[in-house]
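Undergrad: Not my notes, these are from TrEMBL:
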DOMAIN    639-813  domain 'GPI ethanolamine phosphate transferase 2 C-terminal'
TRANSMEM  12-33  transmembrane segment
TRANSMEM  426-444  transmembrane segment
TRANSMEM  456-474  transmembrane segment
TRANSMEM  486-512  transmembrane segment
TRANSMEM  524-544  transmembrane segment
TRANSMEM  550-572  transmembrane segment
TRANSMEM  650-670  transmembrane segment
TRANSMEM  736-757  transmembrane segment
TRANSMEM  803-825  transmembrane segment
Amino acid sequence: MRLTKQSVTLLYLSSCTIFANLLFLYGFFSFGYNDSRTSMPNDIPSTIRPNQNDSEPWRFDTRRLYHKSVNKVVLMVIDGIRYDFFTESEYNVNMPFTTDLIKQNRSCLFRTRVNAPTVTMPRIKALTTGTVPNFIDLVLNLDSSAVQQDSIIYQARAANKQVIFYGDETWLKLFPNSFVRHDGTTSFYISDYTEVDNNVTRHLENELKPTADWDIMILHYLGLDHIGHTGGPRSKLMPNKLSEMDNIIRRIVNYMDSEKSELPSVLIVCGDHGMRDNGGHGGSSTGEVVVPLFVYFKNKKCGGYIKEEIMQTDFVPSISVIMGLPIPSSSTGKLINKILQNLNINEILFAYHYNSQQMYTNYISKKGLLNKAFMKDYDNAILYYYDWLKRETISINQAHSVISLYESALSGMSNYIIGSIAKFDVFLIIVSIVLSIQVWLLLVDFDAVNIQFIKVSRLVYLMLIRWAVCVWLQCDSVLCEFTATFNLLASVIITMFIINLGSFGWPISSLIRLEISDFNNNNLFYVLPGSFIHVLSLFSSSYIEEEHQLLYHLWAGFSALQVYKTFILHSYTTTAKWILSMILHRICKNLNTIGNQSSGVYSLGDWFRESQNQIYLTILMVVGLKLKKLLYHMDIIYFIKQTNRNNNKFNSAVCSIIILLILRLSLLLRPHNILVPAVLVYTCKLLQFKIWNTLTTTTLHYWLSLMFFFYQGNSNSVGTLDIVPGYIGQTSYNPVVAGIHIFTHTYGLPILVYLFLVLDQKFSGLQTLCMLNVTQSCVYNLVILLFRNHLFIWSVFSPKLLYIVMFTSTTYVFSALIIILLTLCGTSTKKELEI
């Protein structure tokens, strides 16, 4: 069958939309910010002078002031461990040995804050380089490549330290050829929470011997995180896992206490990230971003529970100092005073001076201003430190005052550097937004679109204009890099611009064509303002976090309107159906709690998951499966019989896809969510054969697609992305199969809604769906551009951006498949059901 003009046009516009989204992502996320500098031993300061005109600088005895102060370092990373696992009796009762060490002040426990995204790979980077990784590392987490920045691993190897590693193989990908002995374990096979840790612990017998030759041992345990993914922090498997970690800590501490070296060894236990109250991670809830940092020195008092909060990046300069290693060049961390307890006051002051000098270099390279208050503290710290050095009598109080000034300066410079890491290609972002707006205008007046060929002369003229603008503005955008690759990119963009500009009709005409009869049933009067409010809510970070609440209220209001209308028309059967729909949607809403306002709230799903309620969960699953089977016979087959016989081929194909997708979702969904697809089918049935125009019907299906995305426990936070379905039925880790499973689980319900839409509205519904989707995408891209310096740009706005891009891409790939199916089935792209 031959593709029609309308089909080709929609495919072209779909390609433009996906292309524009990719341009936006490339412009928004800075891909190449890595610092290639590497610290050297001669970067450790050898002199200090209060100002450049001072002719008598103080010269440091660097070897005496900066040297190794510990024997061995054990870094034990417990993936996914939360701070409250060490502090709350609900959890730390399972870690008696560790808890006693803290209570007896034989160790320190720091409350540590990590940056989003809270996934393993960027957090390992933060722990080793002291930098804040780019948010796009969230996506790159699945394919870790070698770290190009300076790190404590590199510095340790450069100083001929023996570094060994056992645990998450992500370390081996990030730091290849860096460990003298190692054994990696697969991090993504989350069904394994036993062997994955036993493969780490089994090496301790050989490594915890008096003859051990290592200087740094890194252990990365994954089992606790895997339990969190499958059952959350209150899983019945968690107590045994915490007890297992406690016994490992006991074993390492006993080894250190038995050492006979002059210098003490140190054990550092930390989490790379935390865990949501409902399990999983990736977002910015308190459970995900607040992790413990436990420190134990042999035969040293430390301070127990430390009230002050530190940053995860602060680990890097602190461990560098006690190991006598150069601080990694791009580190944004500041010293943790308690970890320096083995040093004397002279050594501590020198360490702070060195850390400040290293941070000052980064601050100046980022064009930081010198007239800031914290920079005055930096100047005063140097001045007072110089005076302190020249005095014959040591004043401890003055030393502490100097340290306070250095800490103030370090905090200010660190905050500025972290805030300046992101680099936005504003020119490319604006170009992508304009391209998206062009697509939106063409979709609004789709019937008037007339794609035409372009003239080469116009392309040449615009390429010359691009060159002139780049030279005039001295823009550093990739579009102003005149290499073969970016010239080709500019040519593609300009070609799309010319085609789109030459294809415009008059967009308002499609709105004028809405007849007065379209408003008679009041549904469009409700749907259009509702859509406007939904789009407007994207300008608020709080509304983005609680988007599901707005959609719930919009749908509840629409359902109440239908109850009222059908009741006054004496259509009591339909009234009862809508009331039942409202009840079912209320149940679906309570199955999972999402959003900040509901964080930690006990949900219906939590109740079903409790062991004493397993019988009710079984009943729910049986009811859900039976309902889906019943609805299939009542709705799908009935619908095929009632539609035009010429469309049976297409309808049969779509219905087959619906059945296959429902079967897959029944296997992938969490057991307590098994009722959700049945509610979806029932709701879509209520929307069929109604006297509504295409815009109303499509908008309602669009709302439903988002609502059922939220019903299954997803949200606009990456932390709610459920990766457990990726491993259903797998006995080994297969990333391709896992990816397909996770995608199907996450976007299967929205796709199911789309299938019901095209079953009813055919091509016209598909075109309108694309228009609604690109509307949200265009508006949100503008929001991101305007709010790119917002406080919550990485924790709230960026995750939502990824979800919108994924939704948009899914919609347009779906559109392409439906167009192919319509073509193969010989179905016209004109509207099949004239309502």
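One is the number of the first residue shown, and numbering goes on along the chain from there.
Just so you know, glycine gets a Cβ as well, placed from its N, Cα and C.
Curation does not apply to TrEMBL; its annotations are automatic.
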Undergrad: When you look at the transmembrane segment (803-825) alongside the transmembrane segment (650-670), do they share 3+ Cβ pairs under 8 Å, ignoring any pair fewer than 6 residues apart in sequence?
TA: yes
Undergrad: Grab the same-chain neighbours of the transmembrane segment (12-33) for me: Cβ-Cβ under 8 Å, and only residues 6 or more beyond its ends, written as numbers and ranges.
TA: 134-136, 421-429, 431-433, 435-436, 438-439, 442-443, 451, 477-478, 492-493, 496, 500, 770, 774, 777, 781, 784, 788, 801, 805, 808-809, 812-813, 815-816
Undergrad: For the domain 'GPI ethanolamine phosphate transferase 2 C-terminal' (639-813), what's the model's average pLDDT?
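TA: Averaged over the domain 'GPI ethanolamine phosphate transferase 2 C-terminal' (639-813), per-residue pLDDT gives 87.
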Undergrad: Near the transmembrane segment (736-757), which same-chain residues lie under 8 Å Cβ to Cβ, leaving out any that are not at least 6 residues past its ends?
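TA: Distant Cβ neighbours of the transmembrane segment (736-757) are 188, 654, 657-658, 661-662, 664-665, 668-669, 676-677, 680-681, 684, 687-688, 697-698, 701, 704-706, 708-709, 711-712, 714, 721-723, 725-728, 730, 765-766, 769, 806-807, 810-811, 814.
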